[in-house]
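Colleague: Attaching a single structure in structure tokens format; questions to follow.
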């Protein structure tokens, strides 16, 4: 999606165990995950004696410079992180991995997602005397681990993971092991890879494994954690109260098209969603164009299904930072003009089908429609390769209030008029589920579609009161007419 006024991804995590150039490979892995966050990056390394780290603000190349990388050489194990702030402010103190030095051990930790009970946990911990050095929810898990009475670090980790709620993955490093963990719904992805020399890798996406020439080993599934050390790799469960609900937005927008999630290639899923969208909402036109970059696969599928030319009517400046993930509305809107331009010779006098992957606030797609018409387009029919984004997300996407969502208060017809399109149609929820093609024995075939349905598989917890207080009339109507599988604590409704 190129909706600069829209969604923001959470983060990307990476880990590697037992390689003489651990920091350098981590840097490469993080580079392939840069699309998941641009506000900051960090790397923590370890050997059998110590842990040390470097971090900074900005893109990876800005955050960790050559002199910092020099200081990380010579260590065999590492974790790394690229950040977009979904909780906590945007200062250096919130850049991960966090590194803790205790009297008996040192620990590095980084996190992708959002802990929806972090506020209440933090309040309880502070009442017990805990001191926090950041506003990030990631720090909560470390306090829980250290306050555990469990006899080993692994047992303390398991106990702590059972206390936190939300959509998350963790990568944790000690001098003895590399740990990874996934929430009880597997909302956020985590995969394991293995290099030819036996080195194990953890990553948010398979693209970070592929870039190092490693082989995919397995997904870490709902409620599982992995331990990687000199003895090898072990995958265990920390809870059996699991219901798979993989974030549909990973497929729709966040993941790279060359990544594979739960056995489904992201590009193939997006193309299938475009085909399904064409079946559900065809329209007469001269051509199909996609909004660069993540909508291009869906646009090609739409064009192929409907039998129209697929043209490059919009050009993206590849050398500007991914402004969509910029933290302020003003920067996102300025980014539209800097990053995107219409190809006048292609669109002039034509009836266009414009495919995008979602509409969140609506301001960016409105600018794009105007840009195309200013360049001579006769008609612009907007087709969205996902359902209406009607409900906030609390699991690691930075759209956590109803006020941010145009579909929460406006009908498709009203949105069509607002954005200046000649027609507007969305992919149905059933069409999305079919396009992705998961077959888990779970609601929505194992997808988390909370932003389209208001059905929250991990519950609401700290967000519940505010969420319910601000439900719009349109949201309430949708909820009353559609079955919900989960209650406010993420339990399956019987």
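Keep in mind that glycine also has a Cβ here, set from the backbone N, Cα and C atoms.
For reference, Swiss-Prot lists these features for the protein:
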- 11: active site, nucleophile (ACT_SITE)
- 294, 356, 357: Mg(2+) binding site (BINDING)
- 11-231: domain 'Glutamine amidotransferase type-2' (DOMAIN)
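Quick one: how deep are these features, and who are their neighbours?
Modeller: Note on residue 11 (active site, nucleophile): other Cβ atoms within 10 Å of its Cβ, all shown chains, come to 27.
If you average pLDDT over the domain 'Glutamine amidotransferase type-2' (11-231) in this model, you get 96.
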Colleague: How many other Cβ atoms are found within 10 Å of the Cβ atom of residue 294 (Mg(2+) binding site), counting all protein chains shown?
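Modeller: The answer is 26 other Cβ atoms.
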Colleague: Here are some binding-site residues: 356, 357. Which one has the most Cβ atoms within 10 Å of its Cβ?
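Modeller: Of the binding-site residues 356, 357, the most buried by Cβ count within 10 Å is 357.
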Colleague: Could you state the CA-to-CA distance between residue 294 (Mg(2+) binding site) and residue 11 (active site, nucleophile) to the nearest Å?
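Modeller: Taking the Cα atoms only, residue 294 (Mg(2+) binding site) lies 17 Å from residue 11 (active site, nucleophile).
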Colleague: Between the Cα atoms of residue 357 (Mg(2+) binding site) and residue 11 (active site, nucleophile), what distance do you get, rounded to the nearest Å?
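Modeller: Here the two Cα atoms lie 20 Å apart.
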Colleague: Provide, as an integer number of angstrom, the distance between the C-alpha atoms of residue 11 (active site, nucleophile) and residue 356 (Mg(2+) binding site).
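Modeller: Computed Cα spacing between residue 11 (active site, nucleophile) and residue 356 (Mg(2+) binding site) is 23 Å.
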